[in-house]
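Here is what Swiss-Prot records for this protein:
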{"type": "BINDING", "residues": "ASP51, ASP53, THR55, SER57, GLU62", "note": "Ca(2+) 1 binding site"}
{"type": "BINDING", "residues": "ASP87, ASP89, SER91, GLN93, GLU98", "note": "Ca(2+) 2 binding site"}
{"type": "DOMAIN", "residues": "38-73", "note": "domain 'EF-hand 1'"}
{"type": "DOMAIN", "residues": "74-109", "note": "domain 'EF-hand 2'"}
{"type": "DOMAIN", "residues": "111-146", "note": "domain 'EF-hand 3'"}
{"type": "DOMAIN", "residues": "147-182", "note": "domain 'EF-hand 4'"}
{"type": "REGION", "residues": "1-31", "note": "region 'Disordered'"}
Amino acid sequence: MSRRGQQPPPQQQQAPPQKNQAGKFNPAEFVKPGLTEEEVLEIKEAFDLFDTDGTQSIDPKELKAAMTSLGFEAKNQTIYQMISDLDTDGSGQIDFAEFLKLMTARISERDSKADIQKVFNLFDSERAGVITLKDLRKVAKELGETMDDSELQEMIDRADSDGDAQVTFEDFYNIMTKKTFA
């Protein structure tokens, strides 16, 4: 009781940050450059779907299922590393804000891979799934580049990981993302 004989007001609990005053999820709170409200809602739906125990957090088993449903291959070691990297409160689980951060990073990675695939397809004129010397010759000519076959072959040799004189998409992706470059 206070000095005037009144009880102090009861402590008010604050709603979780992802809910608005009415207790409804407000995607606008999570929108940022490169991420629309619609995308936030899609990610929230996945989060809710895999938060099977309704705790507003996802444990390692739930995270693996969520990543798989969004089209990502997720190995156990990767899942535990993601949780370790993103679990800012040390709970061993991921809340929605942490999950959103993870998914936006993965979506960005997936989108850039799709863009690189489009560029690869421009080089792969025969749609054979590989870039050959003939393909490079054609692109160089279209771009007005005067390169002899030895220069073009050197480009292929630098990108070709298995020595078959062809550049696969994986080779091309690795070069474009600077994962390998001899």
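Placed from the backbone N, Cα and C atoms, the Cβ positions cover glycine too.
Recorded features from Swiss-Prot, shown on the structure.
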{"residue": "ASP51", "record": "Ca(2+) 1 binding site", "DSSP (3 states)": "coil"}
{"residue": "SER57", "record": "Ca(2+) 1 binding site", "DSSP (3 states)": "strand"}
{"residue": "GLU62", "record": "Ca(2+) 1 binding site", "DSSP (3 states)": "helix"}
{"residue": "ASP87", "record": "Ca(2+) 2 binding site", "DSSP (3 states)": "coil"}
{"residue": "GLN93", "record": "Ca(2+) 2 binding site", "DSSP (3 states)": "coil"}
{"residue": "GLU98", "record": "Ca(2+) 2 binding site", "DSSP (3 states)": "helix"}
Cα proximity to SER91 (Ca(2+) 2 binding site), best match among binding-site residues ASP53, THR55, SER57, GLU62: SER57
Outside the domain 'EF-hand 3' (111-146), six or more residues from its ends: residues with CB under 8 Å to it: 152-153, 155-156, 159, 165-169, 172-173, 176-177
Spatial separation of ASP51 (Ca(2+) 1 binding site) from ASP89 (Ca(2+) 2 binding site) - C-alpha basis, Å: 18
Close approaches to the domain 'EF-hand 1' (38-73) from elsewhere in its chain (Cβ under 8 angstroms; 6 or more beyond its ends): 16, 18, 25, 27, 30-31, 79-80, 82-83, 91-96, 99-100, 103-104, 106-107, 110
Shortest C-alpha distance to THR55 (Ca(2+) 1 binding site) - which of the binding-site residues ASP87, GLN93, GLU98: GLN93
Cα distance (Å, whole number) from SER57 (Ca(2+) 1 binding site) to ASP87 (Ca(2+) 2 binding site): 10
